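The structure appears below as structure tokens.
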Amino acid sequence: MERTFRQQLFFLLLCLSVLKGDLRYVQVRGTQLFFKKIQVMYSRCVDMVAVEGQFTFTAESPQLSCAAFFMAEPNEVISVEYDRVDIDCSGGDFITVFDGWVMKGEKFPSSQDHPLPLYERYVDYCDSGSVRNNVRSSQNVAVVFFRIHSAGSSFTLTVKKHINPFPCNVISQSPEGSYTMVIPQQHRNCSFSIIYPVAIDISEFSLGRRNFPKRSLPGCVESGDYVQLLGGNGIDTSKLLPITDLCISFTGPTHMKIGCENTVVRMVSSGNFVSRVSFSYRLLNNQELQTIKLNNVEDFCFNN
């Protein structure tokens with residue numbers, strides 16, 4: 001049976017939380033799970049990597065649909081360098097780095113929010129390994145897809161993190177925290193994705209101009225500078241449903257509880273102003289989720 005989106009995200013984020021300690025104990029609905037810290041030599045077909053280092057994958061058997069999901073801090077980007085590759089490109093093997101994440105056919109960042117066209121976000125070793133052996137992401141997440149047909153084939157990658165002075169498009173590592181998103185007079189769209197149901201407080205929003213409506217009215221989108229709150233059960237922001245739009249500068253809390261599997265703060269900038277939004281978020285508890293399920297306004301999060 002195919003895993004649900006929530007189960008897939010839970011598995012990846014569970015792996016991520018485990019990586020932050022040598023050994024972690026996790027309680028999941030009464031089930032006790034134990035994990036050990038990732039080793040630099042490994043053979044798992046699907047993995048989450050949140051640390052820098054050199055990683056070698058050796059196939060113990062044919063591995064035809066594998067992926068390693070890389071994640072850094074919000075203010076970092078990721079570089080992936082091919083150190084040694086022993087695969088059969090002519091036999092159908094491949095290693096492909098994708099600038100972002102792909103899950104169930106959906107991509108983060110969406111094509112609307114990423115600076116590169118989709119075809120440039122895929123870098124295949126078999127096509128460009130001798131020309132381009134180092135790939136750098138545009139945001140704090142990247143993924144390596146690979147297919148290996150023969151046992152014993154292997155490859156080694158070096159993963160590094162680099163400071164990004166103006167982060168744009170982030171997947172949060174944690175279900176709680178605070179963040180300030182700034183777009184410095186650039187025509188671009190930036191999204192902060194929280195793949196948990198959360199309560200979110202927007203404490204400050206500044207666009208450098210006034211006299212626009214605050215709440216979700218047609219004028220927000222037409223203004224060219226606004227912030228959206230989106231919710232849904234996938235990672236592609238272009239497929240999420242709008243919860244509200246903000247398009248006037250203000251200070252003071254705007255509080256919402258969103259029971260979706262993915263909550264996104266998305267800022268759209270015309271490039272005419274320095275745009276800034278500050279917010280904090282926390283995981284909703286079970287009682288809050290049950291209350292939201294009874295609310296017809298946000299029921300779409302549970303029915304899609």
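Note: Cβ is positioned from N, Cα and C throughout, glycine not excepted.
All TrEMBL annotations are machine predictions without curation.
Over in TrEMBL, the protein carries these features:
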SIGNAL    1-21  signal peptide
DOMAIN    43-162  domain 'Corticotropin-releasing factor binding protein N-terminal'
DISULFID  Cys45-Cys66  disulfide bond
DISULFID  Cys89-Cys126  disulfide bond
DISULFID  Cys168-Cys190  disulfide bond
DOMAIN    170-290  domain 'Corticotropin-releasing factor binding protein C-terminal'
DISULFID  Cys220-Cys247  disulfide bond
DISULFID  Cys260-Cys301  disulfide bond
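When Cβ atoms from all protein chains are considered, those within 10 Å of Cys168 (disulfide bond) total 22, not counting its own.
Of the recorded residues, Cys168 (disulfide bond) and Cys247 (disulfide bond) place their C-alpha atoms 19 Å from one another.
Across the fold, the C-alpha of Cys220 (disulfide bond) and the C-alpha of Cys126 (disulfide bond) stand 45 Å from each other.
Ranking the disulfide-bonded residues Cys45, Cys66, Cys126, Cys247, Cys260 by the distance of their Cα atoms from the Cα of Cys190 (disulfide bond) places Cys247 first. All chains included, 24 other C-beta atoms sit within 10 angstroms of the C-beta of Cys247 (disulfide bond).
Mean pLDDT for the domain 'Corticotropin-releasing factor binding protein N-terminal' (43-162) in the predicted structure: 91. Closest in space to Cys89 (disulfide bond), of the disulfide-bonded residues given as Cys45, Cys66, Cys247, Cys260, is Cys66, taking the CA atom of each residue. Here Cys247 (disulfide bond) is positioned 44 angstrom away from Cys45 (disulfide bond), judged by their C-alpha atoms.
If you compare Cα positions, Cys126 (disulfide bond) sits closest to Cys66 out of the disulfide-bonded residues Cys66, Cys247, Cys260. For the disulfide-bonded residues given as Cys45, Cys66, Cys89, Cys190, Cys220, the lowest number of other CB atoms within 10 Å of the residue's CB is seen at Cys89. Listed disulfide-bonded residues: Cys126, Cys260. The one with the lowest count of other Cβ atoms within 10 Å of its Cβ is Cys126.
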